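**Student:** I'd like to ask some things about the structure below.
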Amino acid sequence: MEGRRQVQAAAAAARGGSAAGRRRGGARRLRGRGSRSLLTAPASDRQPPKLFQYPKMVHHKPDEATADETSISTLPPSYNPSQAPPVYKVGYPPQKNLTTEFTNTLRETFFHDNPLRQYKGQSGSTMFKMGLQFLFPVFDWIRTYNLSKFKGDLIAGLTIASLCIPQDIGYSKLAYLDPQYGLYSSFVPPLIYAAMGSSRDIAIGPVAVVSLLLGSLLQNEVDHEKNKEEYLRLAFTATFFAGITQAALGFLRLGFLIEFLSHAAIVGFMGGAAITIALQQLKYVLGIRNFTKETDIVSVMESVWGSVHHGWNWQTVVIGFSFLAFLLLAKYIGKKNKKYFWVPAIAPITSVILATLFVYLFRADKQGVQIVNNIQKGINPSSVHKIFFTGPFVIKGFKIGVVCGMIGLTEAVAIGRTFAAVKDYQLDGNKEMVALGTMNIVGSMTSCYIATGSFSRSAVNFMAGCRTPVSNVVMSMVVLLTLLVITPLFKYTPNAILGSIIISAVIGLVDYEAAILIWKVDKMDFIACMGAFFGVVFKSVEIGLLIAVSISFAKILLQVTRPRTALLGNLPGTTIYRNTDQYPDAMHVPGMVIVRVDSAIYFSNSNYIRERILRWLTDQEEKVKAEGLPKINFLIVEMSPVIDIDTSGIHALEDLHKNLQKRGIQLLLSNPGSAVIEKLHSSKLTEHIGSNHIFLTVADAVRFCTSKSMEEP
């Protein structure tokens, strides 16, 4: 008797809540162009019990909200509880042939932004000009360029040039290359990017992480001391294939591939690489001559402490740590007050000048202080003949180039998007890839190694007031002047000051605040972050990168194979059905179990979803039996989040339906999407389940189940 009262109460709640939403929002007919079943279902299909009387359609103003299962409603005093709103059936999308479906899928995958829409209706000459502007954005923004913009670009270009010159010399050492190659890489590539790039703020040149990764991978193949020429040729070959990889990703619109390296993995990888880079600089800051070639923290610290009594040079230590303190102080001043952004920008070149002058005046090089010595004077020589196009080194160069190119691409696109969001303009990711790839291809032929966007220089470029990529041109011209005139002045520059500059530059890559936030938001992401971090610090850059990629893919597989499901309950006084864990006030409806699947149903998770739904059902049956509540006769599966389903998923639903039939339980589906209902219909599963058991909302399904329960004796 008590169970029957609960069923009647549920029926009244379902009618009242739905009717209240009906009076507040009005009923709107669902129509679709080319749809077969979007109209209100005929009475013969609905077969309502005599208890229900459906009211006539009432049309409201278009701006009034339509009642749906998200409406929170209260019963008006004049409402007649015997009335119920009309029930709408799930619509079937128009049939598509194979060609149309394949074309739509291809377009959404590679051309979702419809890049050719601007060319429609244009003449041939106009299309040619537009195509030229697409490949070379310089032809677009140069038309509105003026003296005011040039002033901003000039100041920004001079500022980042003062920062990049000492960094380039130091970063080339990370790649085990002579100093001039770092300067070469800040001369030609920025000019190419200025013509082809779409970011106004990125500063182009060598970066610490890519330099370290390139040097580490090259050193595994060729010893940079014993086979210097082959090492250099392999570096140019890797740069060439890095450019090919980047440009190909842009032309083929495959930029989404770099998204598989998650933000958390990048944070951990960058942080680990920063620690590794800083540790590598101890040999310069402490003046150690015999230093390990390994990059892991254990080997480095053994090398450092093993030479403490005989390998450290006190003059070098004084120079290194005093200027490191100066650089960190300058960075602190710039961070504390944004208007002093120029202080940390000019601090590196100031440190180089002062340290070089100190060594020259006191001839500290005679007392064991290691210096840069001669930097080759002149502009970039051609290196086309040095690239390996045949032989065993081609494959090695290709592998190294792909890895370094992807990392450089990830960093540059992330930097570009960050500053584009701040300045509120659009950045075309595929166009950026083409620009970065082209500049590295040209760079490999002009004695450059892999260049990309530098975060520290881009930040300075942004704060210095850059307006267009001309700031890169200004920086490039300063580097050209340095190569032609100033390089002999770097002869007495101590390696210690370069090490200090690199340490101060990479400290910012250790983003502990982001790691803390990742821990708070997603523990699995934190595992990926820490896995990448410890892999780099305790093993190698390659292992850390491999761990980062592996954990990122593992997370995707875990989410695909073990999607979330939720048990739904009714929020009292409404037609809303929500997760009972998230909303403790949500009440279970007597005689039925409502489950929501929060994922597409594919071969990888279909068995798990079926078993998880049955486990929900079993748990609820045991609970009902223990509490003496009405037997469960209905299972409602809410399919709104199910964006797609494959044949394995359809078989899983079919098996679920057969299992439920043996237990005397009816399966009902709620709100399957267009792709899902189309496949269910094509597989005839809708006939097995019954078209009258597929509903537009959970509220409709509950109302149907409640009316069926009321009919039972």
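Even glycines carry a Cβ here, placed using N, Cα and C.
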**Student:** Select from 1-50, 651-700 the stretch of residues annotated by TrEMBL as region 'Disordered'.
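**Tutor:** Result: 1-50 is the stretch TrEMBL calls region 'Disordered'.
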**Student:** Residues of the same chain, at least six outside the transmembrane segment (526-554), with any C-beta under 8 angstroms of its C-beta?
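**Tutor:** Distant contacts of the transmembrane segment (526-554): 212-213, 216-217, 220, 260-262, 264-269, 271-273, 275-276, 294-298, 403, 407, 515, 518-519.
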**Student:** Can you give me the average pLDDT across the domain 'STAS' (582-705), rounded to a whole number?
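**Tutor:** Across the residues of the domain 'STAS' (582-705) the model's pLDDT averages 92 on the 0 to 100 scale.
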**Student:** Before we move on, state whether the transmembrane segment (340-362) and the transmembrane segment (231-252) share at least 3 Cβ pairs under 8 Å, counting only pairs 6 or more apart in sequence.
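**Tutor:** Contact criterion not met.
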**Student:** Please work out which recorded stretch in 202-219, 264-282, 433-452 has the most C-beta pairs separated by under 8 angstroms from the transmembrane segment (496-519)?
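**Tutor:** The listed stretch sharing the most Cβ pairs with the transmembrane segment (496-519) is 264-282.
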**Student:** Taking helix as H, G and I and strand as E and B in DSSP, count the residues of the domain 'STAS' (582-705) in helix, strand and coil.
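**Tutor:** Split into helix, strand and coil, the domain 'STAS' (582-705) gives 63 helix, 21 strand, 40 coil.
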**Student:** If you count every Cβ pair below 8 Å, which range out of 202-219, 231-252, 264-282, 312-333, 473-490 shares the most with the transmembrane segment (433-452)?
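**Tutor:** The stretch with the most close Cβ contacts to the transmembrane segment (433-452) is 231-252.
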**Student:** Check the transmembrane segment (231-252) against each of 202-219, 264-282, 473-490 and return whichever range has the most CB pairs under 8 Å.
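**Tutor:** Per the Cβ under 8 Å count, 202-219.
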